[in-house]
Amino acid sequence: MATAMTVSSKLRGLLMQQLRGTSQLYFNISLRSLSSSAQEASKRAPEEVSDHNYESIQVTSAQKHVLHVQLNRPEKRNAMNRAFWRELVECFQKISKDSDCRAVVVSGAGKMFTSGIDLMDMASELMQPSGDDAARIAWYLRDLISKYQKTFTVIEKCPKPVIAAIHGGCIGGGVDLVSACDIRYCTQDAFFQIKEVDMGLAADVGTLQRLPKVIGNQSLVNELTFSARKMMADEALDSGLVSRVFQDKDAMLNAAFALAADISSKSPVAVQGSKINLIYSRDHSVDESLDYMATWNMSMLQTQDIIKSVQAAMEKRDTKSITFSKL
């Protein structure tokens, strides 16, 4: 590894000193720090992002380097209509290329996160495909399902960390969506429901593929899938589906934005590289993942972000004072 690094032996010594003396600073987020960030974030009025204009979602700049993507059909309980499946793909493709964005918070407007697919709007597309040849209808439906699957895969493939903030119901397609996010917070009144079996079909846009890897309990996933029962917030926390539960929506959003602000203050090279390698490691063996990591870092270890971080640590400056270049 030393061979791969193009830094001096003195700087390597500084790196070791940094790891010994400032690990808590770099790897632990204190509740006090999060509370301060949350208060600061709540004072800022969200600003519309000019190149994100949609019918079913709203994108605002919550704070510096942080975007807020909100499911925005509260009168329909944020049901996922035809526009949603197209717009979320467009939205996250833009976010992936947005060099100023370093973290994303996804939430739902109104009384709940989402009620899932909008059956009234989607019925004609799903239930009455054109044509009378079974093979051709099958190919049409396969292409349609693949298109819907991409709607949530773009979240997973987005290199910026995505935090889901869930309140009220998260039903059907909502579980597919949050399973593709990196971090999940919820309110005490939240519940999660894999509803598809009650509609006569198997969930087909990500839940069955991602949820077992998220919570690591195949028996529980099977139970939730086969029965369509509700998983309440406390059970979601115990199972590992969410990492924190909050009393109400405001407290949850404040914490989500505080975490996003903290993440966005870190090196984007380090954060985005970590997300990409975590996802790769989830789907590959340890040996394959270590090899991928070595190949990745043979380039990334040459970043100026390391030098900036070490200098800040040696000067006892807050890491938030470092100015990292856009990525």
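Note that Cβ sites are derived from N, Cα and C of the backbone, with glycine treated the same way.
Annotation comment: Swiss-Prot describes Ser115, Gly116, Ile117, Asp118, Leu119, Gly173 as substrate binding site, evidence class similarity to another entry. Swiss-Prot lists Lys147, Lys326 with the feature N6-acetyllysine. The feature N6-succinyllysine is assigned by Swiss-Prot to Lys230, Lys316, with a large-scale study or a structure entry given as support. As annotated by Swiss-Prot, phosphoserine applies to Ser267, with the evidence given as similarity to another entry. The site 'Important for catalytic activity' feature in Swiss-Prot is assigned to Glu196, Asp204; the stated evidence is similarity to another entry. Annotation source Swiss-Prot lists transit peptide at 1-33.
Here the features listed in Swiss-Prot are placed on the structure.
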residue	record	Cβ within 10 Å
Ser115	substrate binding site	24
Gly116	substrate binding site	24
Ile117	substrate binding site	25
Asp118	substrate binding site	22
Leu119	substrate binding site	15
Lys147	N6-acetyllysine	13
Gly173	substrate binding site	26
Glu196	site 'Important for catalytic activity'	23
Asp204	site 'Important for catalytic activity'	14
Lys230	N6-succinyllysine	16
What is the set of residues, excluding Ser115, Gly116, Ile117, Asp118, Leu119, Gly173, whose C-beta falls within 8 angstroms of the centroid of the C-beta atoms at the substrate site? Ala79, Met80, Thr114, Met122, Ile171, Gly172
Counting every protein chain present, what is the number of Cβ atoms, excluding its own, within 10 Å of the Cβ of Ser267 (phosphoserine)? 22
If one looks at the chain holding Lys326 (N6-acetyllysine), which residues at least 6 apart in sequence have a CB under 8 angstroms from its CB? Ser99, Asp100, Pro268
DSSP three-state assignment (helix, strand or coil) for Glu196 (site 'Important for catalytic activity'): helix
Counting only residues 6+ away in sequence within the same chain, which have a CB under 8 Å from the CB of Lys316 (N6-succinyllysine)? none
With DSSP assignments reduced to helix, strand and coil, which class does Ile117 (substrate binding site) get? strand
According to DSSP, which of helix, strand or coil covers Lys326 (N6-acetyllysine)? coil
Whole-number Å distance between the CA of Glu196 (site 'Important for catalytic activity') and the CA of Gly116 (substrate binding site)? 10
Looking at the recorded positions Lys147, Asp204, Lys230, Ser267, whose Cα is closest in space to that of Ile117 (substrate binding site)? Asp204
Cα-Cα separation of Gly173 (substrate binding site) and Lys230 (N6-succinyllysine), in Å? 14
Where Lys316 (N6-succinyllysine) sits in the secondary structure, as DSSP reduces it to three classes: coil
By Cα-Cα distance, the member of binding-site residues Ser115, Gly116, Asp118, Leu119 nearest Asp204 (site 'Important for catalytic activity'): Gly116
